[in-house]
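Down below is the structure, laid out as structure tokens.
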Amino acid sequence: MKIIAKIPAWMLLCLFTLSPITETIYTSGLPSITEYFNTDGSTTQITSSLYYLGFALGILTLGRLSDIYGRRPVVLFGLCIYAISSIISIFAPNIETLMLARFVQAFGVSVGSVIGQAMARDSYQGSELSYVYASLSPWLLFIPSLGSSIGGYIIEYSSWHYTFVFFSLTGTVLLTLYCKILPETNPYINFSQTSKYFEVLKVVIRDKSLWLYAFIIGAFNGIYYGFYIEAPFIFIDKMKVAPSFYGKLAFLLSFAGIFGGFLGGYLIKKRHIHDQKVMILGLVFSVIGCSLLAIDALILQDKEVGQNIAVIMMFAPMMLHMVGHNLLIPMTLRYALEDYAKVTGTAGSVFGAIYYVLIAAVTFLVSKLHSDTIGNFALLFLVLSVSSAAAFYYILILYKKKLT
């Protein structure tokens with residue numbers, strides 16, 4: 001595949017992290033939003049499920065458009081939608097309006113994921129692409145945790161409305177900056193018109209490995225974001241932790257993610273360990289972490305422990321999972337679409353839509369399991385982690401059949 005321009009890694013980072021930081025800042029304010037609109041926590045959490053559905057719709061449509069019209073104009077369009085919907089959210093008179101605005105906000109910000117990944121594949125190939133993903137992934141976890149800290153301070157010292165002020169300003173700044181310096185990386189603009197979109201769609205839908213990769217990404221990100229939408233109610237509401245301190249706790253997950261990312265990069269670049277072995281190691285970390293989380297959550301339901309001990313019992317297992325997350329997911333993204341180089345945007349849009357629908361389903365389940373007990377979501381996470389390991393095992397079987 002020819003390369004016409006390379007998007008700098010820092011610009012990819014901005015695209016990749018815009019949605020995660022938006023969601024983690026927002027989730028810090030879920031208890032406050034629940035109180036403001038005089039509703040229940042389960043209803044408020046559904047705003048996150050709708051966010052991921054809007055994200056899935058954006059990925060499905062905007063990825064296709066980037067194949068036809070180019071990556072750059074679609075990114076600028078998405079950032080514009082993101083900024084406008086954030087402004088609307090500030091003045092939402094009820095929870096239903098906020099739900100709709102969040103859906104539209106997610107549709108716009110989805111360009112950061114689907115177009116960002118397409119631009120990465122346009123710009124880098126092979127082991128260089130793996131290294132770029134592995135190098136960026138620690139920051140993909142650090143910055144969202146920074147979002148929890150920012151959100152915690154905003155909620156503690158002002159109100160949830162100012163989180164959307166932050167989003168609208170961020171979107172406007174990025175839109176202005178990218179209008180000036182964002183390169184066009186798609187070397188096959190209009191290619192998808194001759195390749196026939198529905199023929200590509202048919203191939204993608206029949207690709208078993210792609211569906212399994214989508215399940216793994218959806219499950220792991222569902223665990224990640226599911227924890228973020230449940231954690232504020234556990235720590236701020238139940239344990240009476242200050243919102244700003246809760247934001248600081250989120251950095252524990254960042255440190256684990258950074259370690260996992262650097263470990264993955266080291267194993268690939270310095271030790272020349274095959275990507276598949278790195279992915280298996282990631283699954284091992286995740287299953288162990290989610291198992292411990294389920295055990296600890298069940299213990300906390302039956303026994304009274306100190307606040308500090310309870311925090312450790314909840315965050316330490318999640319840190320193990322996050323190490324595994326950052327060992328596995330970058331490589332999953334690298335391999336899932338390697339056979340779709342000329343239709344990366346189209347294939348990526350279908351792929352991304354699948355796993356974001358799964359993320360929406362997981363967060364919806366978390367909202368439905370939301371109760372006075374904290375063991376429900378932890379058991380769900382364990383099921384998802386083990387199921388992901390089974391899915392990856394089946395991918396290896398399909399890969400071996402492909403070689404023979």
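Each residue, glycine too, has its Cβ placed from N, Cα and C.
Swiss-Prot annotations:
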type	residues	note
TRANSMEM	3-23	transmembrane segment
TRANSMEM	43-63	transmembrane segment
TRANSMEM	73-93	transmembrane segment
TRANSMEM	95-115	transmembrane segment
TRANSMEM	135-155	transmembrane segment
TRANSMEM	162-182	transmembrane segment
TRANSMEM	216-236	transmembrane segment
TRANSMEM	248-268	transmembrane segment
TRANSMEM	280-300	transmembrane segment
TRANSMEM	309-329	transmembrane segment
TRANSMEM	346-366	transmembrane segment
TRANSMEM	377-397	transmembrane segment
Message: Is it the case that the transmembrane segment (216-236) and the transmembrane segment (309-329) touch, counting contact as three or more CB pairs under 8 Å in which the residues of each pair are 6 or more positions apart?
response: yes
Query: Can at least 3 Cβ pairs under 8 A be found between the transmembrane segment (162-182) and the transmembrane segment (3-23), with each pair 6 or more apart in sequence?
result: yes
Statement: Lying 6 or more residues past either end of the transmembrane segment (346-366) yet within Cβ distance under 8 Å of it, the residues of that chain are 45-46, 48-53, 55-57, 59-64, 67, 110, 113-114, 117-118, 121, 192, 197, 200-201, 204-205, 210-211, 213-215, 217-219, 221-223, 225-226, 229-230, 336-337, 340, 377, 380, 384
Message: Three or more CB pairs closer than 8 Å, sequence separation of 6 or more: does that hold for the transmembrane segment (309-329) against the transmembrane segment (135-155)?
response: yes
Tertiary contacts of the transmembrane segment (248-268), as residues 6+ beyond its ends and Cβ separation under 8 Å: 24, 127, 130-131, 134-142, 144-146, 148-149, 152, 228, 231, 235, 241, 275, 277-278, 281-282, 285, 311, 315, 318-320, 322-327, 330-331
Message: Looking only at the recorded stretches 43-63, 95-115, 135-155, which one has the largest tally of CB-CB distances under 8 Å to the transmembrane segment (3-23)?
response: 135-155
